[in-house]
Amino acid sequence: MSDRLTLLRPDDWHIHLRDGAVLPHTVGDAARTFGRAIIMPNLVPPVRNAAEADAYRQRILAARPAGSRFEPLMVLYLTDNTSPEDVRAAKASGFVHAAKLYPAGATTNSDSGVTSIDKIFPALEAMAEVGMLLLVHGEVTRAEIDVFDREKAFIDEHLTRVVERFPTLKVVFEHITTRDAVQFVEAASANVGATITAHHLLYNRNHMLVGGIRPHFYCLPILKRNVHQEALLDAATSGNVKFFLGTDSAPHAKHAKEAACGCAGCYTAFAAIELYAEAFEQRNALDKLEAFASFHGPDFYGLPRNTDSITLVREEWTVPASLPLGENSVVPLRAGETLRWKLLEGQA
């Protein structure tokens, strides 16, 4: 069993950096490991066009640690009013790589999202024409649908129809959480891929609910049964090029998580690759981690792979109880617990 693991530098194909005073902390945590990251656009107000994406990009670049080459890959936030012209202008910018479908009300800051999939068909047609990827938060939001069933319902009611209607559109089914989603992606064309988070590989709903409610495991899409967790582990460690790394690292201040009505999101960027390594090692599949973390994502996006590398060492360390987040603090996943892998510093 090797005590060192060297990988081509990975990228994060789904991350929330937030905005304002927190950026030096969130960008710094992402940049220590990742060469690039797909930046979620669900700010308030959201990132709806190329000009807003450029302004946000400049704020991220200004927050990078000294000497960092971390590259933010920007994303448009689709609304009912997103036009084909918005899509074409964003594609022409060179720095907007995708557009994100949030069903209205599905997750944090999604109130401006899409109320009916049909309303964005003109935008999707333009995206297919210019080669812009569609990123999907795949959950329905109707109150009568159980929260644990919302991903499967989205596949049945919407996603199947979208990929059939727009066969040349590249689609990323983000942060998949169910066996149903794995099977859908496996059966779909080569234009459909999926990201998988570290927390959905490492945990299931028992970890969140048995013995007390653990708010720092609460995320959307919510953790599912262990049979779904096993399906995700199978997919991530299979070597299938359709599955790749996307942390969905989503910081919320401690007081917003530890509350009567707590926010959804797990903060993992501080030790993302270490968490993935632990999940892959559980499956004796560390030899598959590099492809999942460093090859499949850029290949799907049509971007070059990174050329530098990172090294992990087998060394136990304790995750801090909290980390700075602007004027507040964030409780990271596994706070106060031990991780078995550690990133060698000074590699950015």
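Each residue, glycine too, has its Cβ placed from N, Cα and C.
The active site feature in Swiss-Prot is assigned to Asp248; the stated evidence is sequence analysis. For His14, His16, Lys100, Asp248, the entry in Swiss-Prot reads Zn(2+) 1 binding site, with the evidence type sequence analysis. The annotation substrate binding site is assigned in Swiss-Prot to His16, Leu17, Arg18, Asn42, His137, Leu220, His252, Ala264. For Lys100, His137, His175, the entry in Swiss-Prot reads Zn(2+) 2 binding site, with the evidence type sequence analysis. Marked as N6-carboxylysine by Swiss-Prot on the basis of sequence analysis: Lys100.
All features noted in Swiss-Prot, drawn onto the structure.
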{"residue": "His14", "record": "Zn(2+) 1 binding site", "contacts (Cβ under 8 Å, 6+ apart)": "Ile38, Met40, Leu135, Glu174, His175, Thr195, Thr197, Gly246, Thr247, Asp248"}
{"residue": "His16", "record": "Zn(2+) 1 binding site", "contacts (Cβ under 8 Å, 6+ apart)": "Thr26, Met40, Asn42, Thr108, Asp248, Ser249, Ala250, Pro251, Gly265"}
{"residue": "Leu17", "record": "substrate binding site", "contacts (Cβ under 8 Å, 6+ apart)": "Leu23, Thr26, Val27, Ala30, Ala37, Ile39, Met40, Ile60, Pro72"}
{"residue": "Arg18", "record": "substrate binding site", "contacts (Cβ under 8 Å, 6+ apart)": "Thr26, Leu43, Pro251"}
{"residue": "Lys100", "record": "Zn(2+) 1 binding site", "contacts (Cβ under 8 Å, 6+ apart)": "Met40, Pro41, Asn42, Val75, Leu76, Tyr77, Leu78, Leu135, Val136, His137"}
{"residue": "Leu220", "record": "substrate binding site", "contacts (Cβ under 8 Å, 6+ apart)": "Ala106, Thr107, Thr108, Glu139, Ala264, Gly265"}
{"residue": "His252", "record": "substrate binding site", "contacts (Cβ under 8 Å, 6+ apart)": "Gly262, Cys263, Gly265, Tyr267, Val330"}
Neighbours of Lys100, His137, His175 excl. site residues, C-beta within 8 Å of centre, Zn(2+) 2: His14, Met40, Leu101, Tyr102, Thr107, Leu135, Val136, Gly138, Glu174, Asp248
A 10 Å Cβ contact count, applied to the recorded positions Asn42, His137, His175, Asp248, Ala264: which residue has the minimum? Ala264
Would you mind pulling the DSSP three-state label for Lys100 (Zn(2+) 1 binding site)? strand
